[in-house]
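Right, one structure below, let's go through it.
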Amino acid sequence: MATEQFHNLQDLRHTATLATKVFIQRDYRDGTVCKFQTKFPEELDNRIERALFEDTIKTLNNYYAEAEKISGQSYLEGCLACASAYIIFLCMETRYEKVLRKISMYIQEQNEKIYAPRGLLITDPVERGMRVISFVDHAGWVSEENRSSHVSFHKCL
Amino acid sequence: MIAKKVTRKWEKLPGKNSFCCDGRVMMARQKGVFYLTLFLITGTCALFFAFECPYLAVHLSAAVPVCAVILFLFVMAMLLRTSFSDPGVLPRALPEEASFIEMEIEAANGSVPAGQRPPPRIRNVQINNQIVKLKYCYTCKIFRPPRASHCSICDNCVDRFDHHCPWVGNCVGKRNYRYFYLFTLSLSLLTIYIFTFDIVHVTLRSVFYGSVWCVAALTLPSTVVEVLVCFFTLWSVVGLTGFHTYLISLNQTTNEDIKGSWSGKNRVQNPYSHKNIVKNCCEVLCGPTYPSVLDRRGVMLESSGSTPCKTSDVTAATANTVTPNEVAFFSLQKTTSPLIPNEHSPDEAPPSIATTGHDTATSIPEEEDATGPNGSAPKAPPTTILVKESSH
């Protein structure tokens, strides 16, 4: 089962020294919107197909664009929240948080299906302050505890 | 059975913030001026509700105290939201990320002859046909994203850094700018409201008792106090609201305005502006509510003999231990002229206030006083020196 496979991945121990880590940087050419570079790094040349890599990055970029889109829905959310003096955000999840949850699920799925079989793992950029997506060598992935399989975001101001 | 104490990530976060409620609340360390703000607002409103509202509710309208209560609650909600939330702090680079940024910089620099200063760490990015320089932060060990700046009071890099406001006891950045703006706007309205109805109250009394206005005023000491506080507050708060309305319409931050980043000299234009006031306002005030990327409430576990491994709530975790053999590769962003041989980049304003900044490559006023929402003129601004007071 995919979940069991994933739990096995989570329980991997660091056995060999870390060989490579690849960091995909932010692409700021369109301003401050969250977008990552789709340029294929040479270090991953023999590890993953270019098309798969680009597909992953482009999908992530689309998710972030969806989260940051200024649309009627975001206006409505903003106005309603303002009318409630933003107290509503203490109980309700914002649209951005919902999309981040979707992104986590997507990254998990990508890791299970595509990257782990190739000896790689990608990390969620939210853990790096939305600065980078890192590709970690499979053998070097450290897990110190069993993680829960679901994503949880602590509600913080 | 001994309960295992859970260490949350906020307890180990670098920087000079203080945290409350087990990491839910995040503020700067110096909170004295914030308490003063609270005292001034609640004190003045308390006097208003105690002494003016009973009379006005009877002789004018019951809507007067009702509106005052709504305004007061909104002001307090916005103040607390601004003060307690994460302004958009960028977490510092983990050792592996920092180490290959260093390697990449060294690779770009080549070998620097002994005795010569290495070139400043700057990366150029083209945004909307404008070259923007991304500066390296020596404290956080990252190249700051555009519009981010390092606050030396809080010792953090903050995304879309506006200024550090001692009156709210926190930085104002991407995540809490709209709350800060709504706070100053609603406080302006509240101040005008209280001021107006104080005047109305005194006028009604003087008419009722047939006395001179000033005599009537003197019989109401609380009203006099409120009028004085509101009078001095009005100038600063309304001015500040006006200033930030101007900044929002241009999609600029206070930091950029002070540095003159987009002042128009050398044909430099603001690449973030939509050239449309409505669009700019919508982006700043109605844009998405960004979540905090600083995981304060996550649980931390320490592994023996190595740096603490951070756990994460998100399923794909990262390897955090650093080994000597670790080799990191790095994907560079397209750079045009990566490094500039002079110390300061041309568009930096000369230092005009003392800074405690860690990096020499950054320009000054990352710490600022916003002239405060309650800038009662007799009181001197507490910590930092005003740079832009004239513009408020």
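Numbers run from 1 along the shown chain.
Glycine too: its Cβ is placed from the backbone N, Cα and C atoms.
Listed by sequence, the residues of this chain that lie at least six past the ends of the transmembrane segment (B:33-51) yet keep a Cβ under 8 A from its Cβ atoms are 27, 65, 68-69, 72, 75-76, 79, 83, 166-170, 187, 190, 194, 197-198, 220, 222-223, 225-226, 229-230, 233, 372-374, 376, 382-383. Residues or ranges marked as transmembrane segment in TrEMBL: B:33-51 (among others).
The feature transmembrane segment is assigned by TrEMBL to B:57-80 (among others).
In the predicted model, the domain 'Palmitoyltransferase DHHC' (B:133-259) has a mean pLDDT of 92. Residues or ranges marked as domain 'Palmitoyltransferase DHHC' in TrEMBL: B:133-259.
Per TrEMBL, transmembrane segment is recorded for B:179-196 (among others).
What TrEMBL records for B:227-247 (among others) is transmembrane segment.
Residues or ranges marked as region 'Disordered' in TrEMBL: B:337-392.
TrEMBL lists B:353-363 with the feature compositional bias 'Polar residues'.
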Please spell out the DSSP helix, strand and coil residue counts for the domain 'Palmitoyltransferase DHHC' (B:133-259).
75 helix, 19 strand, 33 coil
